[in-house]
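Quick one: the structure is below, and I'll ask about it shortly.
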């Protein structure tokens with residue numbers, strides 16, 4: 001496995017800027033406001049030929065109470081404990097501050113390997129701050145500029161001996177979606193007339209799950225309960241998680257990567273620039289996930305923003321699980337559950353049959369049901385149906401309810417096959433596909449859900465005409481050139 005590097009330092013010394021440079025993507029929020037990064041955040045970093053995990057920590061604040069700064073400080077200490085190496089950043093232009101000295105002492109006690117770096121050291125104005133850094137007792141500081149990429153060669157030299165102690169870890173990739181089925185594999189599968197097994201999550205390719213919802217729905221509390229440790233910031237302040245945090249866990253024997261996203265508010269309420277960045281981060285987490293857990297607040301479920309989040313996940317083609325949190329404080333549970341199911345079917349018909357489970361992130365009740373629902377949704381998302389079974393089913397559907405004949409043109413549905421998985425995608429060859437009403441499409445999709453046990457997952461149904469394979473269909477004939485017109489004119 002690769003080593004882990006934690007970037008630590010007081011607020012606004014350039015930790016997130018360096019994190020983004022190492023990761024190669026804008027994965028951490030960057031702003032001039034101190035304390036922008038409020039959670040521990042992991043990414044796969046590249047530095048030359050080195051590959052390692054980097055943690056962007058909350059800014060070290062000299063606070064010990066239960067304030068947000070105090071919790072940030074405790075999380076940073078947790079990052080130091082998790083890491084193999086700590087990169088301690090100071091601001092060379094500001095020089096060594098009393099806060100830097102306090103936390104240099106903490107790092108000496110808690111971390112076996114500390115690399116000291118004087119960031120923002122471009123130009124002669126930083127020389128005095130670099131010299132002051134020697135007084136911290138952490139060795140010779142590296143002169144760096146995370147913004148301009150200076151000092152990375154020196155950082156490489158420091159990390160190379162560490163890297164040699166660890167095996168290289170293969171870079172993680174985004175989950176495969178809209179997987180086109182191989183024709184040869186399809187033939188073998190169809191001959192067996194069996195539903196293919198769902199790919200089993202592994203440590204190298206864990207099941208990727210995004211937990212999304214409105215602010216303060218309990219997303220971080222839920223994940224902390226699954227983890228069994230206080231990894232993410234939790235508290236009464238709405239919108240406390242501003243980044244989409246990715247965590248690898250083993251949940252009941254299933255390797256998973258879980259994304260805890262920023263609470264998605266209505267656009268009208270997203271005033272602060274940072275929160276706008278976080279909402280887009282949450283949308284991106286949905287795209288990275290295979291299964292999306294939409295977490296609702298039992299007291300105010302299915303608000304407009306909840307519906308938009310669930311619809312977004314469906315449009316992105318992800319498996320969806322609806323989880324209703326704070327169930328422990330509900331009094332009339334049976335009546336409430338009945339009302340929730342009725343509202344779900346009425347407000348989100350496109351997710352008909354998706355799992356709806358009740359949980360309490362505070363007490364941990366219902367987590368086993370949530371795990372089972374995620375695994376079921378993932379299984380359905382990967383579902384494959386034999387072509388022969390599809391065409392027998394199609395014949396029955398046509399007999400039960402023949403397609404309409406718009407403008408007197410009879411639509412013939414001739415053949416059906418599955419073209420994709422993740423989510424399931426089907427193709428029907430027919431005449432006049434452009435004339436097929438949307439209501440008949442829904443009839444077929446709902447039938448697929450019920451008859452092949454595919455509740456809740458997005459199902460893509462494409463109608464194709466007989467001539468769709470003709471590459472010249474719809475192309476204009478080439479017009480005669482001027483030379484050709486001239487020659488034909490001379491002949492006449």
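The backbone N, Cα and C atoms fix where each Cβ goes, glycine too.
Values in this document were obtained by computation on a predicted structure and should not be read as measured data.
Relevant sequence annotations retrieved from Swiss-Prot are reproduced here:
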BINDING   213-220, 260-264, 325-328  GTP 2 binding site
COMPBIAS  472-492  compositional bias 'Basic residues'
DOMAIN    3-167  domain 'EngA-type G 1'
DOMAIN    207-382  domain 'EngA-type G 2'
DOMAIN    383-469  domain 'KH-like'
REGION    461-492  region 'Disordered'
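Give me the local environment of each listed feature.
Of all the Cβ atoms in the protein chains shown, 18 others lie within 10 Å of the Cβ of residue 216 (GTP 2 binding site). According to DSSP, residue 216 (GTP 2 binding site) is assigned to coil rather than to any helix or strand.
On the 0 to 100 pLDDT scale, the domain 'EngA-type G 2' (207-382) averages 80 in the predicted structure.
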Work out, from DSSP, the number of helix, strand and coil residues along the domain 'KH-like' (383-469).
38 helix, 20 strand, 29 coil
May I ask you to report the DSSP-based helix, strand or coil state of residue 327 (GTP 2 binding site)?
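SS state of residue 327 (GTP 2 binding site) = helix.
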Pick out which of the binding-site residues 219, 327 has the most other Cβ atoms within 10 Å of its own Cβ.
219
So for residue 213 (GTP 2 binding site), how many other CB atoms are inside 10 Å of its CB?
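The answer is 24 other Cβ atoms.
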